């Protein structure tokens with residue numbers, strides 16, 4: 001300590017016990033903040049930014065991203081928890097709770113003189129055993145719609161209220177089943193999430209097609225067509241400047257007229273090609289024809305297309321081009337040279353919807369769409385943001401379940417069973433590392449305890465009941481948050497993701513052991529030397 005002080009008199013140093021106390025209090029502080037929003041009965045947090053923006057949430061990931069955390073150890077834990085969300089999409093709050101609890105349990109033994117290194121050895125042994133146990137209790141099953149709905153509901157109910165969660169569950173599962181291809185990874189970008197600020201949140205629905213957030217740019221174009229051909233292209237239908245900076249000089253006004261005509265003809269030829277194709281495929285029938293272009297379309301071209309009864313949308317987003325071809329079929333064209341009927345997609349219904357100043361174009365009734373849209377509705381911005389965060393987590397939960405091919409019982413059942421398995425395993429560990437295993441087992445119980453506490457039940461009483469029921473029946477028993485009584489999680493259809501639990505065990509143990517082994521904290525960066 002003196003050495004650092006000699007080199008840098010301004011350095012701040014915390015040694016041995018003090019360093020550990022600082023770290024443990026930081027972990028417990030963060031744990032106290034997130035403790036109350038675990039599970040379906042958790043409470044909300046209101047975050048007010050410096051500019052006065054308000055955000056209401058109970059999603060641990062959103063909280064940790066938005067909170068300004070000053071303490072270095074607390075921000076380290078927050079980073080680990082948000083990394084957990086990036087990898088698996090869930091488990092942020094559990095992560096913070098378990099790390100805080102591991103340090104709290106370890107602190108009890110360290111205060112009695114046990115060396116942190118011995119506890120960390122116990123933690124490692126316990127982690128290995130817990131992972132083996134997780135392999136035994138995971139339930140491999142056919143990922144049919146029923147199972148996926150249970151998985152999605154379990155995840156979504158922790159983010160939004162039950163009634164809304166049930167509406168979102170079906171939409172989320174059906175959207176994944178629509179975009180899922182055999183033996184290919186699921187690409188969640190193929191689910192577009194579109195917001196509309198009106199009606200109530202339970203009107204959120206799944207559109208088996210695409211919703212674009214702009215409408216046709218011409219007043220004479222039809223607002224609704226049925227049985228429509230869709231042409232997706234990335235071709236400029238407006239006059240563009242040349243790529244190299246060039247200029248034209250003309251001697252007389254006639255020459256200028258010719259030049260303008262030549263420029264117009266260039267674009268008119270492209271428009272004519274589209275119109276010819278429309279006449280070819282539609283004939284005299286009243287089938288619709290829609291052009292969705294990534295680049296611009298000028299007023300003359302819009303006029304010509306409108307006269308032929310073609311709906312044209314310009315400047316569509318690039319990400320929507322890929323979604324369009326997946327939803328409606330067809331091929332996205334970069335030039336109109338090889339324009340033929342095979343390039344066209346098809347949709348049963350295309351219509352424009354106006355909401356205040358905004359226009360939306362719905363492309364629906366597609367045959368077997370490989371890209372779908374979740375249309376979120378809500379009365380205000382807070383609700384929309386909350387639903388959006390929830391849907392993202394719900395989509396990830398369903399994707400994880402399909403990728404893992406297995407699930408584990410939720411409601412704290414796995415943690416209760418794992419703690420009991422670790423207590424039985426404890427005698428086979430040599431020496432004082434047994435205490436580390438005991439600390440790990442006790443720390444895992446924070447999950448069922450907090451679930452019960454947030455639902456308004458006595459946490460000790462509930463935990464004792466659940467443990468007794470588990471010992472008697474040998475089944476994986478969790479907490480029924482409506483009654484506070486034990487219940488078999490699998491029968492109630494409460495499933496968690498296997499990969500989330502696995503990641504939890506890995507990351508919590510690593511961070512808790514690293515924090516325990518810190519015996520000196522120095523704030524002695526270059527900036528503190530100046531002045």
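Placed from the backbone N, Cα and C atoms, the Cβ positions cover glycine too.
Noted in Swiss-Prot for the protein shown:
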type     : residues                               : note
MOD_RES  : 2                                      : N-acetylalanine
MOD_RES  : 5                                      : N6-acetyllysine
BINDING  : 39, 91, 92, 93, 94, 158, 159, 411, 496 : ADP binding site
BINDING  : 39, 91, 92, 93, 411, 412, 496, 501     : ATP binding site
BINDING  : 90                                     : Mg(2+) binding site
MOD_RES  : 199                                    : N6-acetyllysine
MOD_RES  : 205                                    : phosphoserine
CROSSLNK : 251                                    : SUMO2 cross-link
MOD_RES  : 287                                    : N6-acetyllysine
MOD_RES  : 365                                    : N6-acetyllysine
MOD_RES  : 377                                    : N6-acetyllysine
MOD_RES  : 388                                    : N6-acetyllysine
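Location within the structure of each feature annotated in Swiss-Prot.
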{"residue": "39", "record": "ADP binding site", "contacts (Cβ under 8 Å, 6+ apart)": "158, 450, 451, 454, 455, 481"}
{"residue": "90", "record": "Mg(2+) binding site", "contacts (Cβ under 8 Å, 6+ apart)": "155, 393, 396, 397, 400, 497, 500"}
{"residue": "91", "record": "ATP binding site", "contacts (Cβ under 8 Å, 6+ apart)": "84, 85, 497, 500, 501, 503, 504"}
{"residue": "92", "record": "ADP binding site", "contacts (Cβ under 8 Å, 6+ apart)": "59, 60, 61, 64, 81, 82, 84, 85"}
{"residue": "94", "record": "ADP binding site", "contacts (Cβ under 8 Å, 6+ apart)": "38, 447, 504"}
{"residue": "205", "record": "phosphoserine", "contacts (Cβ under 8 Å, 6+ apart)": "171, 374, 375, 377"}
{"residue": "251", "record": "SUMO2 cross-link", "contacts (Cβ under 8 Å, 6+ apart)": "none"}
{"residue": "411", "record": "ATP binding site", "contacts (Cβ under 8 Å, 6+ apart)": "448, 451, 478, 479, 480, 481, 487, 489, 492, 494"}
{"residue": "496", "record": "ADP binding site", "contacts (Cβ under 8 Å, 6+ apart)": "151, 154, 407, 408, 409, 410, 414"}
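Here residue 159 (ADP binding site) is positioned 17 angstrom away from residue 412 (ATP binding site), judged by their C-alpha atoms. With respect to their backbone Cα atoms, residue 287 (N6-acetyllysine) and residue 93 (ATP binding site) stand 53 Å from each other. Residues near residue 93 (ATP binding site) in space but far in sequence (CB under 8 A, at least 6 apart, same chain), listed by position: 34, 37, 38, 42, 60, 81.
The closest partner of residue 388 (N6-acetyllysine) among the recorded positions, by CA position, is 159; the full candidate set was 159, 199, 365. DSSP gives residue 365 (N6-acetyllysine) a coil state; it is part of no helix or strand. Residue with the densest Cβ environment among the recorded positions 287, 501: 501, by other Cβ atoms within 10 Å. Secondary structure at residue 388 (N6-acetyllysine), taken from DSSP and collapsed to helix, strand or coil, is helix. Of all the recorded positions listed (159, 199, 365, 388), 199 has the fewest other CB atoms within 10 A of its CB.
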